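Structure, as structure tokens:
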Ligand code: CP
């Protein structure tokens, strides 16, 4: 693996290797080995053209826990506001020596261009591009599903598909969601059955070609499918207004039809868990009851994101050996 640009780039073997390595990373953290020497002397650049809390901080934490040097770049307050291009920004950061570039960009395809245009010699990791892809989010979601519904070690069945047979409902603003696109691909690769649940206005054109079923009725999906997990999506109002579109259905209609509340939570199977990539619109796609319930693993998703991103950086920059060294550097 030279870059991580899309969940579609990962076959079962790649995905399971990342999840297993994340498990090893989490185990070292649980043993209070806070810092591994694995990436000492390597530089990771976080290149963020779009706002982020979880992804940016967890990539920074992951890189530091592997002893890498970290350069954080945010478009706000940089020469991007004077009109500097992605190419010139990337060349400038390359001049400072980047072994990996973690990029978030509002334009779908920007990480692909960065990886293939020769503007950096480093490994490129897509931290979210437009409405296109967010592969490390899908990996941390798969890791969280595996921990709760399968077991830390995965299934290890003959197919190698760690989430084989799990039923996952992905609910909400699918149209604007790179999280949904990445998850549909990765969950399919890992053997899960995905149902997308959304109002017709928030379903993308061409969804028939995705490896997922589509429903417009959340209550029916909960009653009939009995999902093992529901993944609530953020309603991306900023992308609706920038596209010149309004919010339809209205927020009230949306919440009635597609919001996860205490009633719908009670209707889920006892073992079912609730995921949300964050940031949440409390009271819109998810009620406070649901967000704060014991079934919600939303805060744990954030913690798992550090282990998964450590695994991705480790596998991209330190090669293929299966087990990370656990030599303690400092606590
Ligand atoms: N899940 C996610 O990408 O959150 P941030 O926008 O805070 O990084």
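Cβ coordinates come from backbone N, Cα and C, glycine included.
TrEMBL does not curate its annotations; it predicts them automatically.
Features reported for this protein in TrEMBL:
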type    : residues                        : note
DOMAIN  : 2-146                           : domain 'Aspartate/ornithine carbamoyltransferase carbamoyl-P binding'
BINDING : 54, 55, 104, 134, 137, 278, 279 : carbamoyl phosphate binding site
BINDING : 82, 178, 234                    : L-aspartate binding site
DOMAIN  : 165-316                         : domain 'Aspartate/ornithine carbamoyltransferase Asp/Orn-binding'
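Positions of TrEMBL features highlighted on the structure.
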| residue | record | Cβ neighbours (10 Å) |
| --- | --- | --- |
| 54 | carbamoyl phosphate binding site | 16 |
| 55 | carbamoyl phosphate binding site | 25 |
| 82 | L-aspartate binding site | 6 |
| 104 | carbamoyl phosphate binding site | 25 |
| 134 | carbamoyl phosphate binding site | 26 |
| 137 | carbamoyl phosphate binding site | 25 |
| 178 | L-aspartate binding site | 23 |
| 234 | L-aspartate binding site | 19 |
| 278 | carbamoyl phosphate binding site | 17 |
| 279 | carbamoyl phosphate binding site | 11 |
Quiz item: So how many of the residues in the domain 'Aspartate/ornithine carbamoyltransferase carbamoyl-P binding' (2-146) end up helix, strand or coil by DSSP?
Solution: 67 helix, 27 strand, 51 coil
Practice problem: Mind running the binding-site residues 55, 82, 234 against ligand 1 and keeping the ones whose CB falls under 6 Å of it? | Solution: 55
Quiz item: Mean pLDDT for the domain 'Aspartate/ornithine carbamoyltransferase Asp/Orn-binding' (165-316), as a whole number?
Solution: 94
Exercise. Could you state the whole-number distance in Å separating the C-alpha atoms of residue 55 (carbamoyl phosphate binding site) and residue 178 (L-aspartate binding site)?
Key: 14
Self-check item: Remaining residues near the recorded carbamoyl phosphate site, that is with C-beta within 8 Å of the centroid of the site residues 54, 55, 104, 134, 137, 278, 279
Solution: 52, 53, 127, 128, 179, 277
Quiz item: Max Cα-Cα distance in Å among 82, 178, 234, the residues listed as binding L-aspartate?
Solution: 31
Quiz prompt | Cα-to-Cα gap, residue 54 (carbamoyl phosphate binding site) vs residue 234 (L-aspartate binding site), nearest whole Å | solution = 14
